[in-house]
Amino acid sequence: MKKNKSLIIGISLVSIILFIAIAGPYLPFVDQELKTEGVRKMDNGSLKVPAFSPSSMNLLGTDSEGRDILSRLIMGTKEVLYSVIGITLIRYLIAVPFGLFASFYQSTSRLLDFYNKIFSFVPIIFMVVLIVNLPYIMYSPHRTILVIVIIALLEVGRVGQLMQNTIYTISKKPFIEAATSIGTNNRGMFTRHYFPFLLPDLIVNLVLDIGRNMFLLGQLGIINVFLVHRIEIVGELTAEVINDSNAWPLLFKDVTFDIFSKPWIPIAACVAITLAILAFNQLGKGLRQLFERNEVRYF
């Protein structure tokens, strides 16, 4: 543990993120109501409209409606974590049994290979944009759940094949051959010989996937695809998409304009997402080093 710097950094950063998600909204400097501000009188007597640049009053500045950026990031932390962890857990709950059966049944293996090829021939971001902008999903009252499930399902094949490859690697270990030769049944083979070596790899990949999903949500935010929105009727025949979520990617909503006139808005979101990705990547890397060291000691 002392020499495992990645694990220490990962645990520290993830702990900070969890603290912000749980206790952050109750910190005294956080504006839970995210009040808007129309006009602010400056020290020289002039009046200024938002967005306001970073200052002692707003450490990270405000958005175009005068809402404090730091408060928005803190208030949105829990929502972002729910999203990325939800996507990851759904994906693994489906992919792990899929990969497990594919390791022992040829028909399931062919199905997994077919599934993976269908959804991996183009980058996942293009598949997500193509599917979630379908009218049924776009205007569904359950859009958030549908988008989370869709993102999870698109990479079930990739995770399932990782699982299958790991099981195949374990099956070539000498202790598996020894267990087979003494007549160990399938249940005993899995619980005593496969599972103890499969679990560490599963945990590492799951943690790394959380960071991967965080990056994907950031990419989707840049092209104005969000998990949460609501539809409001404007006039008689016009519907307007309203995004009032506090999730970090929403700060990328007007990135092509803000990056030149109000750069602190997208930069704040970019830094938050980058630190979160770094946290889970370092945690995954540290756990891998820890498990590999324990495996060497075992043998």
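In case you wondered, yes, glycine gets a Cβ from its N, Cα and C as well.
Residues or ranges marked as domain 'ABC transmembrane type-1' in TrEMBL: 81-284.
Using a Cβ-Cβ cut-off under 8 Å and counting only residues 6 or more beyond its ends in the same chain, the transmembrane segment (7-27) has close neighbours at 1, 74-75, 77-78, 81, 275-276, 278-287, 289-290. The annotation transmembrane segment is assigned in TrEMBL to 7-27 (among others).
What TrEMBL lists as transmembrane segment is 80-106 (among others). Residues 17-18, 21, 112, 148-149, 151-153, 155-164, 167-168, 171, 202, 206, 209-210, 213-214, 217, 227, 247-249, 276 of the same chain lie 6+ residues outside the transmembrane segment (80-106) yet bring a C-beta within less than 8 angstroms of a C-beta in it.
Feature annotation from TrEMBL assigns transmembrane segment to 118-139 (among others).
The transmembrane segment annotation in TrEMBL covers 145-163 (among others). Sequence-distant neighbours of the transmembrane segment (145-163) (same chain, 6+ residues past either end, Cβ-Cβ under 8 Å): 83, 86-88, 90-92, 94-96, 98-100, 102-103, 112-113, 115-120, 124, 127-128, 131-132, 137, 198, 202, 205, 209, 213, 216, 227.
Annotation source TrEMBL lists transmembrane segment at 194-211 (among others).
Within the same chain, residues 6-7, 9-11, 13-14, 16-17, 51, 53-54, 60-61, 63-64, 69-70, 73, 80, 207-208, 210-211, 214-215, 217-218, 221, 248-252, 254-255, 258 sit at least 6 positions outside the transmembrane segment (264-283) and bring their C-beta atoms closer than 8 Å to a C-beta of that stretch. Under the heading transmembrane segment, TrEMBL lists 264-283 (among others).
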